[in-house]
C-alpha cells in the first residue's frame, strides 16, 4: 500500500498504479468542491485483479466524518494538521474500513436524523450520533426527473416558492423537502397531472439567487442532498393542477424495505457485478467519468447504495428510473440496476469498437493515399471530364494544384467539401467546345417566319447580324461590330421566343437567365469560395448547362434589375456585355479568366427608361412593337388555334369561329399589344369544347358575336358611345406605356370666378407626373394667347376657373405628348365648339405654338386602332415614323394629318368644315 494525498491506495499489479492516481485525483478534486462539513477523513480504494478478468473492479467505502470527538466536519480540508492526523490514523482507518462500512444504510429504508451537531446522511447513523424522530410532513416539490438517494444536486424553483420554504423552515426548524415526480406536466399549456406516490427525502444545503440575463433574480436555486426513499401518506391525493406547481406541505412516511442477507451469494453477486460495470464504464466513458466524479464516496458493502449509483449513471428514461426508485426490495432493485448498467455498458463498448474500427480504417485509407500520392475518390470522374473537354494550360495548372491539395486533406477538414466542389466546377466546364454556326440566310429566314408573324424590322436586323457573321466566318466579329442585341417591347409580343429562334437559326445552344428583381452582384459574378454554399454566377452556370462556350444567352427583364447593399448587378453586367472586356471575364468563384466573346447575348425588357445609360451604350436596341388586330387574327389562325387544339387533343375545326367573330373577340377581350391574353382565351374555348364533347352534349362549339359573352364572360374593353356626342371641352389624346399604346380622354370643366377675384391657374388631376403637369401649364398659357389672337373678344379664361381631369386615376400618366390635346380641350371649352370623338391627337406644344415630335407612334396608332379611332393628328416631324408603318395599319384610319404649328391644327379643328374630311 501507498499513501497518496490523504488517500490509501492498494495495488495488486504495477500497471494499475496510473489508473489509481487518476481516480485519486478525481476524488481529491471532488473533496474540494464539497462542503467542509462533508469532508471525509479518508477514502479507501482497492483495485483487485482477478484471475480470468481483464478489467479490474473498483471498491470504495463511504468515510466516517461525523465523529463528535474530533469534530472532523469543522476542519479545513487543506489544513496541514488535518493531513498529518490523517496519515497517522491511516492504518487504523484502513482496518476499520475493510472490516465494516463506517456508515451503514438501514435495511428497512428508513432515514435517521442526526442531532444539531451531526448531518443527515441517508444512511443509518453511527452510535455516537443523536437521532431525532422521522419528520411526518415536508414541503413537496414536483420534479420532472426522479432523484435517487445519496447524491447532492441543484434544482431551481420560483422566488415565491423559495420564500415560502424559508418561512416554513424558520417556523418548524426543519431543513428537509420531499421531491416527487410529476407526470404529464406541461407548464406551458397548464394541464393537470399526477404526482407519483414514491419520492425522495432531501436536505436543503443552500438557497441562492439564480439571476437571469437582466440581472433580476426571478428564480432561486436549491442545493439539496437526497438522503432516502419516502412515500406520500395514505391521506394525500396524488394529483395536482398548475396552481399547485409551487411547493406545499404534505404528509410522508418512510418506504419500508424487507430485510435481506448481505452475506448471501445473490447479494455478493449483484455487488461484484454492479461494481465491475461501474468500474468499466468510468474507465471507457469520459461522460460517465465526469458524472461519477460528483459521487463523494462509495460503500462496496451496501447493495442498495450501489444499485442507486448504477441507476444514477445510466441514461435510461424517466419511467425506468422511477421504477427503480419505487422498488422497495433491495435484491430486485439491484437486479434492475444491473440490467440497466449492463445494457449501457454493452452499448458503450459497441460504440467504442465502431469508433476504433472507423479510426483504423481512416488511418489505413490515409496511409494508402499518401503512398499512392493521389486521391482515388472522385478522380476517375474528373479525369474523364478533362479527356472530354481538355482545359487550357492555365486552367489545367489550377486543377492540378487543387487536386494535389485535395489529396492531402482529411474528410473532416473544413475545406474538404469546398475544394472538391471547386474541382467539380472546373472539370465540368466545356473547355474548347464551340458549336458550328449556320450562316444559311434562307434557312434562318425560314425559321424566323415559321415561329413569328410580322416583326419585319426585327427579322431584318437578325438577318443582317447573321450576314455579317457569314462574311467574317465568325460570329464574335459580328458581336463586336453589332454590339449586344436588346429587344424592347410590351409583354407578350414574343421577345424571349425571338431569342430561341435566333439560337435555332444559328444552330446554337440556348439558355435563358431571368434577372428581374436581382439585386446581388454575386448572382452575376459568383460568390467567393470562402462562403458556405458558394456557387459561380449565372453566366458561368449558363455555359456549363449549355455545354458550349458560344451559346445564345437571353438575359430577360433587364430593366428590372435592383440595387441594394450587396451591390449593383447592372454595373456587374457592364463587364459581361462589353465586347472589349468579356474576353477575360473573371468569375469570383472560379477565379480564372473566361472568354465570353463568342457568347451571343440577347437582352429583353419592357422599357428602356430604367436601364442605366452605360449599359444602354453597350447594346443595340431593337423595338418589338405590339401587334395590330389584323396581325393578331393571322397569329391566331396560323399559330394559336392549332397549338390549343393540339394541347387539348381536339381537331382545330371543333371550335367554329369565323374571321369577323375573331375580330370581335380581339376588340372586346384582347386589346393588349401582345398575344398572351388572346392565347388564354382561345385555350379556354377549346377546353370548354372538350367538356361538351366528353359530356356528349355537342360535338362542336359554334361561336359568334352574340354568344361570345356566354363562354368568355363580360368583355374587357368596349368603344364608349357616350363620347360620340361629347360636349365641348372633351378631347381624345394618345399615350404610350410599357404595355403598349392607348387613348387618353381629357375632360375639362369650368366654373365662374367668385366675387371680385381673378381666375386661378388650371387644376389638373388624374395621377399625373411632373412633366405632364408642366405641359398643362404651358397649354393654358398658350390657349390664352391663341384666343387673344383669333377671338379677341373672348374673355372666358378671365371669368372662369378651369379643371382638367384624365380618367383611370390608378394608372400613372407622364410625358409631354398630351400638349396639343390639352390646348385643344381648353380651346374647345372656351369657344364652346365640339371636337370629333373619333379624332385623336398626340404631340408636344411649346409656348410659341410649335408642335414637336413625340415617340411611340406605332404603339399609339395601334392603341387608336384598337379603340375605334378613325382620324389622327400628328406632328409633322413624325411623318417618317408614320410612313414606316405597315400599310394594313395605315389603312385602318380614314384621315391622318400632320401639323408643325398649332395655328394650323386650330384652323383644322375649329374653323374648317369637318363633315367630310379628306384622307391624306
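Glycine is no exception: its Cβ is also placed from the backbone N, Cα and C atoms.
Positions annotated as active site by TrEMBL: 817 (among others). Cβ environment of residue 817 (active site): 733, 734, 735, 736, 842, 843, 844, 854, 855, 856, 860 lie under 8 Å away, each six or more residues apart in the same chain.
The feature active site is assigned by TrEMBL to 860 (among others).
The ATP binding site feature in TrEMBL is assigned to 489, 490, 491, 492, 493, 494, 495, 496. The number of other Cβ atoms within 10 Å of the Cβ belonging to residue 491 (ATP binding site), over all protein chains shown, comes to 16.
The annotation compositional bias 'Basic and acidic residues' is assigned in TrEMBL to 72-91.
Positions annotated as domain 'Lon N-terminal' by TrEMBL: 136-345.
Per TrEMBL, the feature domain 'Lon proteolytic' maps to 725-912.
According to TrEMBL, the feature region 'Disordered' maps to 64-98.
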Minimal Cβ count within 10 Å, across the binding-site residues 489, 492, 494, points to 492
Hey, what's the Cβ neighbour count for residue 495 (ATP binding site) at 10 Å? 26
For residue 496 (ATP binding site), what is the tally of other C-beta atoms lying within 10 angstroms of its C-beta? 16
Count the other Cβ atoms sitting within 10 Å of the Cβ of residue 493 (ATP binding site), across every protein chain shown. 28
Looking at the recorded positions 490, 860, the one with the fewest other Cβ atoms inside 10 Å is 490
Applying the rule Cβ within 8 Å of the centroid of the Cβ atoms of 489, 490, 491, 492, 493, 494, 495, 496, what extra residues of the same chain belong around the ATP site? 487, 604, 606, 624, 673, 674
